[in-house]
Amino acid sequence: MRVPVSLSLAALGLVGSTVAFPFVEPEAVLQRKSETQAKADAVKEAFQHAWDGYMKYAYPHDELHPVSNGYGDSRNGWGASAVDALSTAIIMGKADVVSTILDHVSQIDYSQTSSEVSLFETTIRYLAGMLSGYDLLKGPAANLAQDSDLVDNLLIQSKNLGDVLKFAFDTGSGVPYNNLNITSQGNDGATTNGLAVTGTLVLEWTRLSDLTGDSEYAELSQKAESHLLDPQPSSGEPFPGLVGSNIRLDNGEFTDGHVSWDGGDDSFYEYLIKMYVYDPKRFDTYKDRWVLAAESTINHLQSHPATRSDLTFLSSYNNGKYYLNSQHLTCFDGGSFLLGGTVLGRQDFIDFGLQLVNGCEATYNSTLTKIGPESWSWDPNNVPSSQKDLYEKAGFYITSSAYILRPEVVESFYYAYRVTGSEVYRDWAWNAFVAINATCRTDSGFAGVSNVNAKNGGSKYDNQESFLFAEVMKYSYLIHAEDAEWQVKTGDKNSFVFNTEAHPVRVMHT
Ligand SMILES: *[C@@H]1O[C@H](CO)[C@@H](O)[C@H](O)[C@H]1NC(C)=O
Ligand SMILES: *[C@@H]1O[C@H](CO)[C@@H](O)[C@H](O)[C@H]1NC(C)=O
Ligand SMILES: *[C@@H]1O[C@H](CO)[C@@H](O)[C@H](O)[C@H]1NC(C)=O
């Protein structure tokens, strides 16, 4: 309970009294609050630094090249960083940035590009960025919506984009092509599609239908997903709920039984439980599949390094063999278990999620920069001699030493804090942010680095992915920010659910 101090003292006539007053928050709590506020402000400062550099050197292109102060157009040249930054700018209350981005979105022509379009990347960054901006500005951030036409335009442009992309689903099974030529309505000739890129569309395309009243987008994405929920043949589901990595476009059958939570598979599992959060009535089956997958993961994929049995990582599995390696991308897993655990009231999932979060923290706090690597192993038979010490002490050795501004570890700290309320996770998120700010920051923004276990991160990569704005800045900020409607809640109290790019979309029936 919080009572403003001066008001409550005065109201009760206790000003100047020496009587111990039960509602006054202790000094230590007030101190912690102002430190937390200062941390949220420091993340806002970092966001603004990156935004200013992007505007100066790269806008309206897709991303800043933060070392050379140039720009790139890796996401079809529609201004990916601007669209990806929208929901973070809204949540931080940056009215001028929001206004710039809304103007920008009104000028995008999604029917034009000179390069191949990824259905997955376009959905999670552009489509979700616009839908989230719309949900926030029509809802709890309505005070930032100065021009209502520009807000309405977010939904019009979302529909335009959906209409440009929807031909992708025109295959024998309804499992889409991922790599598209939108000019010729062609594709790259693939015969299969990956698990994550197939299974990470359904939230955005369903939201598009629910907001526009045109059911086509939801139906297309749910038909594709239906093959993932009922995997055929049985070799495509080696453990209950855990499925293979590739699906045939002609008939929707799995071509393998390679199982993991790593990149390529990851957000398929993430969206199963998030669809249930989005609408428990329609997506109950998705939840059942997530529960099966979560239980099988605890039973079959959890793994503890021989040198650090206190740590938990997830292995992968194929054809009777386990592979003892993992990735930065995989570290969303703790957050997924924590979300599912709180929503379903399953303490065993919450506990396991916290173990995964601890493992990911270990990959951060064991390196020289205090940032975790892109990938690592704990296979005792393959430890390189140069990394024996690291493996002995930290429980893993590095197999790819880069850090390219990925968010997943901070993302899981965020869920851990929101679900448990424990300040430990805020401290870990702050340590990560300070390390990223110290190692990756340039004069115009933030750069990936080549070696998290070398002084100053080795060398800098000349690229700033748009997910720096959408994800790293958002989760780093939200964990220290005040409660708000868009924050992740415990139990069944969520009004928003975050897509895999950290864009919050409003759940149904709130
Ligand atoms: C898309 O198809 C058009 C028309 O066939 C062709 O001119 C263009 O080069 C293709 N674009 C890409 C990125 O392949
Ligand atoms: C480093 O990570 C380990 C494993 O999660 C954790 O127990 C420890 O508290 C962390 N150290 C610091 C200084 O945060
Ligand atoms: C981030 O880096 C900038 C530039 O070095 C510095 O001024 C700022 O204090 C840093 N923020 C934090 C929280 O370390």
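Note that the numbers count up from 1, one per residue, in the order the chain is shown.
Even glycines carry a Cβ here, placed using N, Cα and C.
TrEMBL lists 1-20 with the feature signal peptide. If you look up TrEMBL, you'll see E121, E374 marked as active site, proton donor. The feature active site is assigned by TrEMBL to D266, E408. Annotation source TrEMBL lists disulfide bond at C331-C360. What TrEMBL lists as Ca(2+) binding site is T500.
Long-range C-beta contacts of E121 (active site, proton donor), restricted to its own chain and to partners at least six residues apart, with a cutoff below 8 Å, comprise R75.
Annotation note: C331 (disulfide bond) sits in a helical segment as assigned by DSSP. Secondary structure at E374 (active site, proton donor), as computed by DSSP, is coil. Taking only the Cα positions, the spacing between E408 (active site) and E374 (active site, proton donor) is 11 angstrom.
Reported as a whole number, the C-alpha separation between C360 (disulfide bond) and D266 (active site) equals 15 Å. Listed active-site residues: D266, E374, E408. The one with the lowest count of other Cβ atoms within 10 Å of its Cβ is E374.
Between E374 (active site, proton donor) and C331 (disulfide bond), the C-alpha separation comes to 10 Å.
Within the same chain, residues at least 6 positions away in sequence whose Cβ sits under 8 Å from that of T500 (Ca(2+) binding site) are I124, T200, S267, E270, Y271, F332. There are 29 other Cβ atoms within 10 Å of the Cβ belonging to C331 (disulfide bond).
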